[in-house]
């Protein structure tokens with residue numbers, strides 16, 4: 001039969017090529033380059049044979065394929081094994097395999113050797129999955145094995161027409177009974193399955209026989225079941241191409257995304273999504289080391305790097321490395337490039353960071369959005385507000401490691417260490433003024449801020465004077481400090497500094513913004529809060545005792561010691577340190593003044609008595625006794641009236657009279 005006739009053509013090969021379907025036309029021969037091509041129509045017998053060739057049915061191609069004889073050429077050949085695999089689309093995992101789409105490629109020629117008993121065979125398997133293997137030899141010069149991944153294979157469809165130079169012989173696959181044996185049930189199942197399946201090809205390359213230089217390419221013909229609700233492959237490709245085109249148009253349009261919560265806008269979707277997470281309290285990313293949560297994976301990764309000490313972002317200009325890319329960019333701008341991309345539109349100010357530009361713009365607008373919840377203080381940035389809140393809480397987180405003095409600011413602590421404990425620290429003097437600074441970097445900042453020429457006019461806060469140098473402005477404003485410019489609206493109090501007026505106003509309003517965190521007691525001044533905290537809540541506090549060098553008496557306050565030292569050793573009454581002693585001293589002074597006044601009146605009476613008006617003197621003495629019963633003179637004093645008269649005439653003083661009374 002066909003097998004014997006094909007065996008005669010041992011040195012010929014067949015070429016499979018996709019042909020366009022041409023209905024209502026007969027056979028037509030074309031000769032080109034010595035190859036005969038022929039198109040035909042299907043006959044009823046061929047349609048019957050189509051059912052028996054179910055293993056070669058392809059639902060993807062709807063065109064006819066012809067098998068044409070051509071001269072053979074001697075070259076290296078490669079064996080291709082075609083396998084048909086049945087599985088559903090849900091179970092398909094396209095890993096390490098190449099999907100071959102079905103499209104026409106004229107530059108590829110697939111050559112099939114003359115079929116023989118060992119060339120084309122069928123292995124019978126389960127009824128549900130029928131496997132077929134076809135060995136195909138491809139010439140290397142026509143198509144290299146390395147390009148097989150993109151090779152497009154066309155499955156045999158229906159009957160195959162085999163033509164020779166002398167005669168035309170139609171060979172049906174159904175007639176090759178020696179090569180293919182199909183059971184009727186398997187044919188029906190496969191025909192039904194192929195109508196609802198999509199055919200995919202997968203190519204695998206492996207070495208051939210050790211004795212030959214052949215490479216075996218395994219081509220898997222996979223039938224994938226299509227879902228009813230899914231579109232066809234052509235529709236899917238069209239929709240995909242359309243969506244890709246629309247995405248490109250959208251991308252080219254560069255639309256702007258606006259936040260509905262705030263005024264944020266961005267031209268990038270990723271930046272907009274990242275911003276929207278700031279308005280939600282959701283933090284799904286958890287650090288496994290400290291259990292801190294973060295909004296994004298990037299923030300979590302940067303945080304974990306702080307635990308591990310990893311610094312993945314390295315500077316190309318120096319040896320420094322950083323945890324985040326933002327720190328690296330900021331470092332390069334400050335140290336290497338000196339770039340200041342953020343510029344103010346109202347003046348010539350430029351900054352390395354956007355946050356500093358925002359803070360600077362508030363100096364033009366006067367905006368102070370960060371308000372203290374305990375007083376009227378407001379700041380342009382959060383850092384100064386946090387620093388201000390320490391004045392209410394009394395917190396001093398920075399401690400000097402030498403004398404253990406605590407400070408609210410790190411800068412104040414550094415200056416303290418340099419000035420108080422830096423004996424051998426070099427000093428830098430400003431060439432424009434008498435300022436001496438411990439650090440060279442601070443000297444540069446001082447000269448830039450105070451002595452640099454400013455194109456903008458700097459106006460005095462107290463008058464209409466204008467300057468172009470900040471140092472000159474400060475020196476001018478000091479001339480206004482001797483004035484008591486701040487006057488109280490409620491009384492006649494006036495002061496030189498605004499902070500003094502603020503503290504005074506609290507005496508009228510009753511405001512006590514400084515609260516003790518331990519006992520909730522409130523104070524008008526911060527100094528009173530600090531003294532209260534040290535005295536009652538600090539276990540390590542040792543009160544300072546101020547001792548008098550003359551009498552050795554101790555005082556808790558220096559002012560009390562100063563008052564005492566003025567009177568100590570003069571024979572006068574010694575002042576007490578406590579509040580009770582002060583009240584007693586004031587009461588005694590009041591009594592002494594009243595006694596002095598009464599004594600003057602008594603002296604006047606005695607003078608009148610010395611002149612012969614005895615009755616007037618007794619009346620004056622009686623009046624004085626009624627006013628000050630505790631200071632009544634004894635009767636014996638009347639005997640010394642003449643002597644007192646002489647002393648009064650000589651200009652007696654009150655102190656002399658009191659000394660006389662003591663005697």
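Using the three backbone atoms N, Cα and C, a Cβ is placed for every residue, glycine included.
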Annotated stretch (zinc finger, per Swiss-Prot) among the listed ranges 257-279, 625-647: 257-279
Per-residue pLDDT averaged over the zinc finger (486-508), given as an integer: 86
DSSP helix/strand/coil residue counts for the zinc finger (398-421): 12 helix, 4 strand, 8 coil
Non-local residues, at least 6 beyond the ends, that sit with Cβ under 8 Å of the zinc finger (313-336): 302, 305-306, 352-353
Feature contact check the zinc finger (370-392) with the zinc finger (428-451), CB under 8 Å, 3 or more pairs: no
